[in-house]
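Pulled from TrEMBL:
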DOMAIN    54-148  domain 'Cadherin'
DOMAIN    149-255  domain 'Cadherin'
DOMAIN    256-370  domain 'Cadherin'
DOMAIN    371-477  domain 'Cadherin'
DOMAIN    477-593  domain 'Cadherin'
SIGNAL    1-22  signal peptide
TRANSMEM  599-619  transmembrane segment
Amino acid sequence: QGLMMLVATLGACLGLLAVAAAAAAGATPARQDTPSMTHRRQKRDWIWNQMHIDEEKNTSLPHYVGKIKSSVNSMNAKYLLKGESVGKVFRVNAETGDVYAFERLDREKTSEYQLVALIVDKDTNRNLESPSSFTIKVHDVNDNWPVFMHRMFNASVPEMSAVGTSVIRVTAVDADDPTVADHASVMYQILKGEEHFTIDNSGLIFTTTKNLDREMQARYEIVVEARDAQGLRGDSGTATVLVTLQDVNDNFPIFTQTKYMFVVPEDIRVGSPVGSLFVEDPDEPQNRMTKYSIVQGEYRDTFTIEANPTRNEGIIKPMKPLDYERIRQYSFTIEATDPTINLRYLGGTSNKNKARVIINITDVDEPPVFQQPFYHFQLQENQKKPRIGSVLAKDPDETRHNIGYSLRRASDKGQFFRVTKQGDISNEKELDREIYPWYNLTVEAKELDSSGNPTGKESIVQVHIEVLDENDNAPEFAQPYEPKVCENAAQGKLVLQISAIDKDITPQNVKFKFSLSTEDSNFTLTDNHDNTANITVKYGQFDRERAKVHFLPVVISDNGRPSLTGTSTLAVAVCKCNEHGEFTFCEEMAPQVGVSIQALVAIFLCILTVTVIALLIFLRRRLGKQAHTHGKSVPEIHEQLVTYDEEGGGEMDTTSYDVSVLNSVRRGGTKPPRPALDARPPLYAQVQKPPRHAPGAHGGPGEMAAMIEVKKDEADHDGGGPPYDTLHIYGYEGSESIAESLSSLGTDSSDSDVDYDFLNDWGPRFKMLAELYGSDPREELVY
């Protein structure tokens, strides 16, 4: 930096010498303090390039800057200036050509000015010389002190750093001309914090001690001052630097206690916290690498200690179930260490710390414990076994309760299995491996008191039952086949190659045999002895007019024990073909599905069962209807009495009541035809009282009996009406009705032409009707 200042100083001196030489060559100063002007003769009579003036000149205004000279010697000449600063900053004496500055100049604002000099005729303002441009340069003086761009800086450095560790570089700027010696040179000094930090002339701050401990003091404040080489300084030449120490792992953990005691129940879950071991570590959480370990005791495989650096603690957790009946207290020594710490930070002290841990176990009433985590049994399909396997559970407590077993029905929705109180599992139904090859049961074990009742403590275990396969499925086609053959196929033409599968577990040495159930066909089956068979044309030449589809039953048997045989049918379509043997037209066929004998028997049994159930339901309903009809009580009949208060339509009302039924019976004396069974009768019985006859008219009980028989017969064969008789009371029928009023309230027995005593001879079914008609002569009840 000193070399740079020397070079700058030499450059400034050379510049001053050049200015002095130019002044000696041709400029004639008017006063002692007049800056020089340089010019050289060219084609024009006069010209110059520069004028110089010091900034912030202390003399009184205006300042003399220089003189404009010309070879024109005319009393009528006038000097002029042109430029932005002319008139405000610079002016020229029109008679003498002297240039003056009327303001104090600041080089840091404007370092030079560009002006134009003119010499013109006073009368005509015509140029006597060509205009000439020149520059006025402002010389720098040391009038500015260094200034920091920011008054506050933030920096950080790791704690315990070595001496000379760089922290931050701060920079101050001096606005003076850097080419002038010592005008813009900046020097730095620490005013506060020099006991831990220092700064060089480039503004770089670094440490001077190695004992910067964050746990003792986390932040430092440094005040830096900047001044130039000549000692010029000001208020803005200071700045504050806040240094934050970054944490490093330089502290080892220390237990807050020498002994820790915990009490936990024996049924605590594996991985649940037992308690916390707190340590002191002033480092930040990211630098706390505490490791906990059990150093004395035989329980390293029973407990583990997990570190929580955020809370400075170690959490003890069990790695296996605890058992009060086996171990009631655990005692061991633990150690806390930090393997990542740098020992040079500790100054040779130990990085290990120890403490004692005692864990007391309390007894709880535990549920039964099964001897195995799960059970796996095997059972042959289509068999009932009184004992598939057994489960066993024990009470781990000292009381040693008896254990009872049960099966969760949610795991055995089909109710195929049962479990005894001793834990023996059996199946109540035969199992089919092809439907469910595995059954997953849940068995419950409950503690029983002395009376054999559950105490509430229970546990469960999974029981997996594997259903073993046996040969109980006949082989069938491996896939649906749709064979086709040309109607002009030659003898021996291959139609199709077939293969078979078996729903049972197929062994590697399975052998299927193929044959035709009948030889009366135009096809031949050849067993290839590799579980395939070829269907070929036997004679050749098919007749589509005679049969467009040939059904070919194929018998397939396996080599299981016992051997099973199934029959599948091939539907071979006879198609029209072209001369190349390509099919041109075939009949559309529904897919054929082979059905085994066992499937046919099962279908037949299902149909028979459904038929028997439907027949039983029909008979029961028929018998129930008859019993209900014969067994109606008096209260039931009274409940069916319906009263109508509205007036009927009389003879005009042909939709609600048909009187012609009674009239036809009375006139003809013959039994009217029975209506069709599918004709639904009206809601109320169409019964009317026969019209009154004049004295001597014929009619008697026989007609009423015939009418009742007809209605009874209609009711017996009516499948859509209610299964019981109904009684209706009609208050008024209408004046135009030939039956007049049907109400029995206003009619006495003397008006009736019919003697109803014969109803007593008709048996118990008409007993109530006979009592109603015979007991009160004021009422007539029409049925």
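Cβ coordinates come from backbone N, Cα and C, glycine included.
Just so you know, TrEMBL annotations are computer predictions that nobody has curated.
For the domain 'Cadherin' (256-370), the model's average pLDDT works out to 86. When the domain 'Cadherin' (149-255) is classified with DSSP, helix, strand and coil residues number 3 helix, 48 strand, 56 coil.
Across the domain 'Cadherin' (477-593), the DSSP tally of helix, strand and coil residues reads 0 helix, 52 strand, 65 coil. Under DSSP, residues within the domain 'Cadherin' (256-370) fall into helix, strand and coil as 7 helix, 53 strand, 55 coil.
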